[in-house]
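Presented below is the structure to which this report refers.
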Amino acid sequence: MAIKNQNANLKNVAIIMDGNGRWARKNSLKISQGHKKGVQIVREIVEESILQNIDSLTIYAFSSENWQRPKSEINAIKKLVVDAINDQVPELKEQKVKLKFFGHTEDFGEKVIKKIKYAESETFCEDYKLNLNVALSYGGKQDILDLVKKISKEVFDKKLNIDDIDESKIHESSCAPVNEIDLLIRTGGDKRISNFLLYQIAYAEIMFIDKFWPEFSKEDFKECVSNFQKVSRRFGKRV
Ligand code: FPP
């Protein structure tokens with residue numbers, strides 16, 4: 001049996017899985033095949049996250065801005081989400097991986113919404129080994145906008161005092177299921193955040209990896225975890 005690592009201080013990991021398209025082009029494949037390979041990599045990183053004793057893995061599968069892509073690519077990603085759920089939910093359930101989709105998931109239409117609900121209810125458990133959060137039609141700015149409107153309405157309706165608005169209120173009003181990201185990994189070579197979890201990465205360690213997502217391996221992931229362990233996280237304090 002594999003021995004679990006004790007990553008007491010690494011709880012919440014987020015990943016921007018960039019580079020599927022460029023990897024596909026480099027290998028003379030269709031873009032959809034790049035995304036398909038990308039899903040296989042997600043599976044491997046999920047396995048490793050369980051072994052690393054990580055509490056949550058939050059992945060950026062589709063951003064609010066990705067709607068500007070060609071319709072054919074959007075349809076391929078929709079199909080991929082449905083296929084991934086069909087193929088992987090039984091095994092994820094067995095491994096006690098709790099799935100959660102967040103963002104404007106309603107934009108994906110009834111068929112995908114139904115699948116998402118099925119995946120979430122099938123994998124729901126109290127004694128989970130890993131929370132796998134999938135951002136779909138998600139944007140950090142849009143989330144902040146939505147939560148400001150939600151909280152303002154509560155104040156306007158006199159259900160909430162302005163002085164009671166605190167960090168926990170922001171967290172519970174955000175669609176993101178995780179509050180503080182410890183480690184954010186971005187593959188693909190670019191050094192930007194692309195509107196992902198803007199509030200939640202306030203104190204995250206950020207690692208930019210110069211490899212396309214379909215080339216990212218368990219070893220690369222373990223190296224990120226090991227590098228995280230070497231960082232002194234001071235959170236503004238003098239230590
Ligand atoms: C970034 O590569 C990747 C995406 C926008 C989509 C990733 C989606 C998946 C891997 C599907 C995940 C689904 C589940 C259910 C796990 P890119 O196309 O932006 O790459 P490029 O920058 O090279 O064009």
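Placed from the backbone N, Cα and C atoms, the Cβ positions cover glycine too.
Bear in mind that the values here come from a model prediction, so they are computed numbers and not experimental data.
What TrEMBL lists as Mg(2+) binding site is Asp18, Glu205. Under the heading active site, TrEMBL lists Asp18. Look at TrEMBL and you will find 19-23, His35, 63-65, Trp67, Arg69, Arg186, 192-194 tagged as substrate binding site. Residues annotated as active site, proton acceptor in TrEMBL: Asn66.
Ligand 1 lies under 6 Å from the Cβ of the following binding-site residues, listed in sequence order from Asp18, Gly19, Gly21, Arg192, Glu205: Asp18, Gly19, Gly21. Listed in sequence order, Ile31, Gly34 are the same-chain residues six or more apart from Gly21 (substrate binding site) with CB atoms under 8 A from its CB. The Cβ of Gly19 (substrate binding site) lies under 8 Å from the Cβ of Thr187, Gly188, Gly189, Lys211, Phe212, Trp213, Pro214, Glu215, each of which sits 6+ residues away along the same chain. Look at the Cβ of each of the binding-site residues Arg69, Arg192 and count the other Cβ atoms within 10 Å; the largest number goes with Arg69. Taking CA atoms as the reference points, Arg192 (substrate binding site) and the residue listed as 'active site, proton acceptor' are 16 Å apart. Neighbour density around each Cβ, counted as other Cβ atoms within 10 Å, peaks among the binding-site residues Asp18, Glu65, Glu205 at Asp18.
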